[in-house]
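These notes are about the structure you will find just below.
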Amino acid sequence: MSEQPARPSNTADAVTQSEQPVTFREVFGLPEFRALFSSGVVDQIGDYLSRAAVTALVYQQSQSVLLSATSFAISYLPWLFGPLLSALAERYPHRRVMITSDLCRMVLISLLLLPGLPVPVMFVLLFLSGLGAPPSRSARSAMLPLVVGRDRLALAVASTQTSGQAAQVIGYLAGATLSVALTPRIALGLDVLTFALSAAIVAFGIRRRPAESAGAERTHLLQETFEGFRLVFGDQVLRSITIVVYTVTIFAIVPEGLAAAWAAEGTSGPDSHGLDQGMIMAAGPLGFVIGGILFNRFVPAARRVRLIPLLAVIAPLLLVPTITGPPAPIVALLVLLAGLLHGSLLPTLNATFVLALPHGFRARAFGVVNSGIQLSQFGAVMLTGMLADRFWLPTVVGLWSIGGTLAMLLVAIFWPRPVAFAEAAERASASVPSARQPTTSVTSEQA
């Protein structure tokens, strides 16, 4: 063995220390990333479209607010099985997992178009279709560094996460508008088309690759799932990132989840409640998009990592003034500012998390984290909603934000030193087998 330090064989293996910002042109110049990005946007629009449409369809048939809300809550339940299902994304090629998931969801959602379906059957179909989300999203996240390389990863993550926020707004607006103006089945029909389109984009735009665990000895699926938990929570760097991600999301989701009640309890007249609710709900995603694009484009990677503890503390602190009960436009402004920091923070955490993951664990690790995010958001909205039923809503949100600030201060105290992240990324890069340099053309390969 040579005494000289090993030089990374390609971009995908290198741990970048560059202070030169990567441009959007470089990232979107990769055809495979464009395909992965486009299919992800279409896929997520379909997810949110179906949530809005099924909620409206259930209400139209049952005239029950409880059943309508239940149909929305069911979309979170598949994430209870997220870590287990995400382990499949490492047993099989990522491309195949994404295509299969989209096609299965396309068939299941198309069954909702049948007239006269009982509400319980709708719930079952919605739950079964939701089971495709964890393996698909985990496979997509695990494939991203293989497609763009490590140098471009942070900006690629920022692009996909900000587009996810935009997809949420588009999906909800389109689903709700079509359901009210025409019929929910029109929205569901479009949802079926989005899954078909997403599968086609992946099939024709992303080359075949072997599964991450190809050649490795397979164990029981439950054991592989447990290994994902053990990796995420047993490693100091991964555990620290995961805790911050969970904490940020459970405090970021509350204004969005309580927006309708917040607008109704405001001082403005009933005619403006819809506008107030829309402002509060849209402010967070809008801030996320702006912060994600600007921060990850113009701030160098090393500096972004150093700023994580500071941003994590400031984000919930910005929402503390809501305790005074300001008018809806001020609430929306505060949520927008917090969203700017969330958009600056989460893509950086995501990219740092990916760089610290050893090869063969990416999909499982993302399954663990994504499941925790979905379930913690659900729990946060339910808990604050119950508290807001008994106490003044601004007091609940303000105290909730104070709790988030204190929690983040504690996390910042024990946050790993920058050298720990560099060492974790170096260990992870050493576990990656030789891979191709990301290219500007898509070639066909056998899996």
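Glycine residues also receive a Cβ, built from the backbone N, Cα and C atoms like all the rest.
Annotated in TrEMBL:
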- 65-85: transmembrane segment (TRANSMEM)
- 106-128: transmembrane segment (TRANSMEM)
- 186-206: transmembrane segment (TRANSMEM)
- 243-263: transmembrane segment (TRANSMEM)
- 275-295: transmembrane segment (TRANSMEM)
- 307-324: transmembrane segment (TRANSMEM)
- 330-353: transmembrane segment (TRANSMEM)
- 365-385: transmembrane segment (TRANSMEM)
- 391-415: transmembrane segment (TRANSMEM)
List, by number or range, the same-chain residues at least 6 past the transmembrane segment (275-295) whose CB is under 8 A from its CB atoms?
158-159, 161-162, 165-166, 168-169, 252, 255-256, 259-260, 262-263, 266, 268, 304, 328-329, 331-333, 335-344, 346-348
Report, as numbers and ranges, every residue of the chain located at least six residues beyond the transmembrane segment (365-385) whose Cβ falls under 8 Å of a Cβ in that stretch; write 'none' if there are none.
73, 76, 79-80, 82-87, 89, 134-135, 137-138, 141-142, 225, 228-229, 231-232, 238, 242, 245-246, 249-251, 253-254, 257-258, 261, 353, 357, 396-397, 400
May I ask for the residues of the chain that lie six or more residues beyond the transmembrane segment (307-324) and have a Cβ under 8 Å from a Cβ within it?
244, 247-248, 251-252, 255, 299, 331, 334-335, 337-338, 341-342, 344-345, 348-349, 352, 394-395, 397-399, 401-405, 407-409, 411-412, 415
